[in-house]
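Notes to accompany the following structure.
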Amino acid sequence: MRTYHCFWLLFWAGQPHQSFLTLLSKRTSGFPEKEKVLVLSGNSRRDLSRSKRSWMWNQFFLLEEYTGTDYQYVGKLHSDQDKGDGSLKYILSGDGAGDLFIINENTGDIQATKRLDREEKPVYILRAQAINRRTGRPVEPESEFIIKIHDINDNEPMFTKDVYNASIPEMSDVGTFVVQVTATDADDPTYGNSAKVVYSILQGQPYFSVESETGIIKTALLNMDRENREQYQVVIQAKDMGGQMGGLSGTTTVNITLTDVNDNPPRFPQSTYQFRAPESTPPDSPIGRIKANDADVDENAEIEYSITEGDGYDMFGITTDKDTQEGIITVKKALDFENKNLYILKVEATNTHVDPRFLYLGPFKDSATIRIQVEDVDEPPVFSRPAYIIEVKEDVPINSVIGTVTAQDPDAAKNPVKYSVDRHTDMDRVFNINSGNGSIFTSKTLDRETLLWHNITVIAAEINNPKQSSRVPVFIKVLDVNDNAPEFAMFYETFVCENAKAEQLIQTLSAVDKDDSYSGHQFSFSIAPEAASSSNFTLQDNRDNTAGIFTRKIRYNRHEMSTYLLPVVISDNDYPIQSSTETVTIRVCACDHRGKMLSCNAEALIHPTGLSTGALIAILLCIIILLVTVVLFAALRRQRKKEPLIISKEDIRDNIVSYNDEGGGEEDTQAFDIGTLRNPEAIDDNKLRRDIVPETLFMPRRTATARDNTDVRDFINQRLKENDTDPAAPPYDSLATYAYEGNGSVAESLSSLESVTTDGDQDYDYLSDWGPRFKKLADMYGSMDSDKDS
């Protein structure tokens, strides 16, 4: 418990005959007794001076956190004018007056009503005054005094963070800085050791230590390995009172993580790996994966794989999967089981990031042996060449062998192979192949001038397994032979003037040859022997593949000979020599003195257009036939006369229209016959439905001839009654009223002709008197009457 003692504070009046106020206060034991005298004049202060009717006091000290049941006594105000008769009244104002601090207005005793906390407010400034109770006037000037709250150790140290997080590299040296923790104490640092904090470690030894005054945490153990332990939890205590017994304390937690360094080399879990790869594996295809283990993480665990040696150094490669840190073994070149079926490689795994500080731990790499077994697969035949080029002369006979392709089964079984030509590449079937030995031969004649290159594809397939096949292109070049005679470069037709002179050039000739000539074409020109002696012209070979035609005589007469045909023989210089005879047409024309053509005969005028005589005759015949056809067609059209629509103004025509009237249903196959109505005697039997077999057959009876004056309605009612009594069919037919067009015609309706009278007393001869318009009707009914009579 806390004990309290008294100390005296005196306030003196500085002049005689003046009253003075004495302020008394208690003091706590343990503090030396002190006495201060302050002289205040009015509201101002001056140390060790006197002033009329002034307050004299010292500052008060009050302990915080008072726990007693009574009010805590602070001090006492007293004036020398107070005679104890209750005439004076003491008033207190300022910080906490009336709330935290109260004063007995009669005695001047000051008390604290609540627990005070220095950490909330360390100093209170109050004002005191004594007044006359009766008049209310102050008997002393108002002055201030101070109450200071004395601190006690009632606050424990508080860390700035509840939890600290820190990290350091593994394998750090002893004394490596980790983190600094800080704790604060709310007590008065200037009073005693209440706010003096000392740090200590409660948990985390022997790995870490803390400096007692600064709170700096350092490593205390050498070579802490993250792979053994990564997380550490350290508890730090902060205690006030300089760490002495009885001081208050607080704790915090520090989570320390060891970060990784590259202190572990990669290691293969096994020294030898076995893989199998079919020989059909395409290049750049993976065949397996290997992985070296590294206890480090992140970039310190990154590994680069490489093939260092082995007989498959050029056949295989290895790459690193950056996500899984695995080595992917791939095929670089095509494998061949028959050539080599086992490869042995040495693979090395190396860290890409190496810390020089830990090189003493050994080389940061490891190696392993890889055995790759190549598996045999059924492969297609392989040709001896990737492509074949064959040259053949165009005059080679049919069925001649021009070349051979060869393919073999690369497998150990050496299956036999058959050959064929892909007909999509040889649609004309110019070539064929021996399926057994691959000999290619011609099946048709070749012509270099038609097609120089033939590109075909030959297929080689295993006989036992035709699906195993391969293809090879065969390029066949047709070589030229001299099988084409030279010919004129164009059609030559020229003219000669009647007044031409001898040895005059009238035309220059040139020739072409479809064949190739390795030494160049050399053509020779001459007049055919049979025409050389009688020719009116001469031919001069220019020795440059051209020739000139010259006149042999002076003057030509077109009336005697209008056209000359000059046969020219053209020969080449290749072997065998080819020659041809071409004809030059020469027209005789009239010319002026300068040699310009004025006129020729009709044929000569036509021919320059480029058309032959036969072509002109064919064109003329076509024109004549076309003209004759047009004339005949026009004549026939004019002879055809169209019947007039109306003969006269009184010509009135009625059209007989045929109507298909429904009413009997779809199964009623017996159509309504208007002819029967006109000729009642034609009704000679009873018509039954064709699609229904009647249950009771009855003999058809002959319908009686209609009586005189029987109209169409009576006849229809009779037929309707017969159909209604048919026991084998429902009543499909019903009475229908038929309307006939033609009302208003002078001849009235056709039905009236039949219904007015019977056949017995009706005479249709009067129809002939109605004119040509009723001739057809009169013929119809007139012939009917004649039939009756017969």
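Any Cβ shown, glycine's included, is placed from N, Cα and C.
What Swiss-Prot annotates here:
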DOMAIN    54-159  domain 'Cadherin 1'
DOMAIN    160-268  domain 'Cadherin 2'
DOMAIN    269-383  domain 'Cadherin 3'
DOMAIN    384-486  domain 'Cadherin 4'
DOMAIN    487-608  domain 'Cadherin 5'
CARBOHYD  N165  N-linked glycosylation site
CARBOHYD  N255  N-linked glycosylation site
CARBOHYD  N437  N-linked glycosylation site
CARBOHYD  N455  N-linked glycosylation site
CARBOHYD  N536  N-linked glycosylation site
REGION    261-289  region 'Disordered'
TOPO_DOM  54-615  topological domain 'Extracellular'
TOPO_DOM  637-790  topological domain 'Cytoplasmic'
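Taking Cα separation as the measure, N455 (N-linked glycosylation site) is nearest to N437 of the glycosylation sites N165, N255, N437, N536. Long-range neighbours of N536 (N-linked glycosylation site) (same chain, six or more residues apart, CB within less than 8 Å of its CB): T551, R552, K553, Y556, Y564.
When secondary structure is read from DSSP and collapsed to three states, N255 (N-linked glycosylation site) falls in the strand class. Put simply, N437 (N-linked glycosylation site) is 85 Å from N165 (N-linked glycosylation site) when counted between their Cα atoms.
Neighbour density for N437 (N-linked glycosylation site): within 10 A of its CB lie 12 other CB atoms from the protein chains shown.
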